[in-house]
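K.L.:
Mind looking over this structure? Questions follow.
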């Protein structure tokens, strides 16, 4: 009996601190840190359990986010050193990382049909990703042709734009866009960046996968900045939404997450979240960054190329040359059109804007991925999709891989090995100075015009005159009467035959190249 009592006393002494001692009171404040639970631990704890060890809970004001999806679990919270010291001794915690600022910057069987579809009046980027020919003309013109193998164009695919939000009322979205989550509860896109990216990925006139569903994940503020914890929480939300859609199954093709943002250095929490997303079946496309440096030096771009499962996208211009601002290196998978890209904008349901950056290149590939989800094998395997994107890309003379949607017009190559023989209309090159790549575009006041398409067609009749007569006409106010426009059109036609070359020279000398690329347009 005496021996038993000794054992009881010994056990009490041994476990006293763990069973009877109260947790150290939590000291509010401190820097925000991201905590990811070690899923490989024999008995991984729940988020609530780890928080309890820190005298915290999910509703505590210092707890910013809770990550609870099928791929990873954790939280983000404001914590002083006493919490960090406790976490450092927890073997069931994978990482503890200080939150940092981020900025918006298998063989497949062949198809029996040889048909293809085209869509006119497209931005130059859409023609560039669906042809082997060099695109020539003006980046400001909307007179290019988009070719595609399947008219489904992303139907059933869910595109998540993790950015500044989306102006969902824009006409190019046709009711397919909605805001799904915001780090601060405000669902409005005040900056415009997220709307622009969304338009290129899935806009009806301006986008690649124009039948896909678009969901806004707002992780960046009105100035285009934000915290890495917001990004990780955004990915957490996407994973939960993907699992829910997958469980429902009805008409669901797959999910693609698009991130046109960058940090100043690699962020381990973002890297882990992207890897977890890929394991869960979510495709991820990210921007390479605009610092003219190795893309492996920042996140999320460091998760691409040979380094991870994401598809990292660099930027190139109409000439096929890599943009002077674009990041590069082994973490970059492909390059896509990223200079003077026209897409949707905030301020009205018909507004568009022209911007440059790897942020603009990324949604071209996001759209390609959503479009390729028409193939179930690719849709279910992010790794295979990544290889297909690289395999289908065109290798340029300098070795750069230009993203392509598989409809390699003029070459006889096609999506997933399909034979697609396409040819584009001949466009007369426009003799005009090209804008300097990489320059951030100014946001000028919007100009209204009744119909961009009609205006473009009228201007196209006069070839180079579209930048004398067309440029002026397309900026005319709605108050100008239709008969006046027709009179000006007839007059300009006659004058252009006599003074064509003189007028082009006159236009180029009176205006710098910035006018051609900074202009904010409105679609009628």
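Just so you know, glycine gets a Cβ as well, placed from its N, Cα and C.
Quick paste of what TrEMBL says about this protein:
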type	residues	note
ACT_SITE	163	active site, charge relay system
ACT_SITE	193	active site, charge relay system
ACT_SITE	359	active site, charge relay system
DOMAIN	154-400	domain 'Peptidase S8/S53'
SIGNAL	1-21	signal peptide
K.L.:
Measuring Cα to Cα, tell me the gap between residue 163 (active site, charge relay system) and residue 359 (active site, charge relay system) in whole angstrom.
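P.N.:
Residue 163 (active site, charge relay system) and residue 359 (active site, charge relay system) have their Cα atoms 10 Å apart.
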K.L.:
Between the Cα atoms of residue 359 (active site, charge relay system) and residue 193 (active site, charge relay system), what distance do you get, rounded to the nearest Å?
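P.N.:
About 8 Å separates the two Cα atoms.
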K.L.:
In this structure, which of the active-site residues 193, 359 has the fewest other Cβ atoms within 10 Å of its Cβ?
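P.N.:
Among the active-site residues 193, 359, the lowest count of other Cβ atoms within 10 Å belongs to 193.
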